[in-house]
């Protein structure tokens, strides 16, 4: 992989990470087209994706810097220094607990099924296309049944747990981490913007942990040129990711996610046609 390819993949990562259309699906499609996904070492591609996600995580930290700082300081004050009972804590401190609670399922499943996630099965276009369609339809259903009444201040532990388990489904390529969590948030009655904001905050622990872990393990097989490519891709994903967050939050204040539903189903259908008609894998 050269720097230009890395920049293009970083751009794709940043543009698709926060839209509910699956960054993994688009990156894997682009990677296969470029010929940089190794059939002999699929774990190298998994590591590349996980590490450049640190760029999009940086975008979340920068965009939500005030929220993250407020949650962190309030959480420390009310839990460490004042040692308040949970029911007496502010919604800001409780939100910190909800992010922790919602992160536990994906941390557990991610470690248990790490080998499967890194294997060739998760690079299969059949798996990716099926996930695009199935989870796209679920997103469409959530738009129909959602009440759109719950703000960020009204999120409960049950909401956090449901969205957290939905994040586990994002381990399936093509599902989309933002897609599954926003879908779950809508099913739980959140407004579209609230579902997206909580989804983005929930991404911080999961993406940081997986990215740093994969980066540590990738040191065993990366050369100096690989580091330059990785750094370029990560920086590009941070810039494009920041712009995508700003766009999506504005978009969801006035529009539904139906355009993404249609896109997912059409893309998934096209991929299935390519697989069965032309034998593309």
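Cβ from N, Cα, C; glycine included.
Cross-referencing 45-65, 66-86 with Swiss-Prot places the feature transmembrane segment at 45-65. Counting Cβ pairs closer than 8 Å and at least 6 residues apart in sequence, the transmembrane segment (155-175) and the transmembrane segment (93-113) reach three or more and so form a contact. A Cβ distance under 8 Å defines the sequence-distant neighbours of the transmembrane segment (227-247), meaning residues of its chain 6+ beyond its ends; these are 1-3, 5-7, 9-11, 13-19, 48, 51-56, 58-60, 62-63, 200, 218. Only residues 6 or more beyond the boundaries of the transmembrane segment (125-145), in the same chain, are considered here, and those with a CB under 8 A from a CB of the stretch are 20-22, 24-25, 28-29, 32, 169, 172-176, 179-180, 182-184, 186-187, 256-258, 260-261, 263-265, 267-269, 271-272, 274-275, 280-281.
Note: the stretches the transmembrane segment (45-65) and the transmembrane segment (256-276) are not in contact (fewer than 3 CB pairs below 8 A, sequence gap of 6 or more). Counting C-beta pairs under 8 angstroms (sequence separation of 6 or more), the transmembrane segment (256-276) fails to reach the transmembrane segment (93-113), with fewer than 3 such pairs. Taking Cβ pairs closer than 8 Å, the transmembrane segment (195-215) reaches residues 18, 46-47, 50-51, 53-54, 56-57, 60-61, 63-64, 67-68, 71, 95, 98-100, 102-103, 106-107, 110, 152, 155, 159-160, 163-164, 167, 177-178, 181-182, 184-186, 245, 248-249, 252 in its own chain, all 6 or more past its ends.
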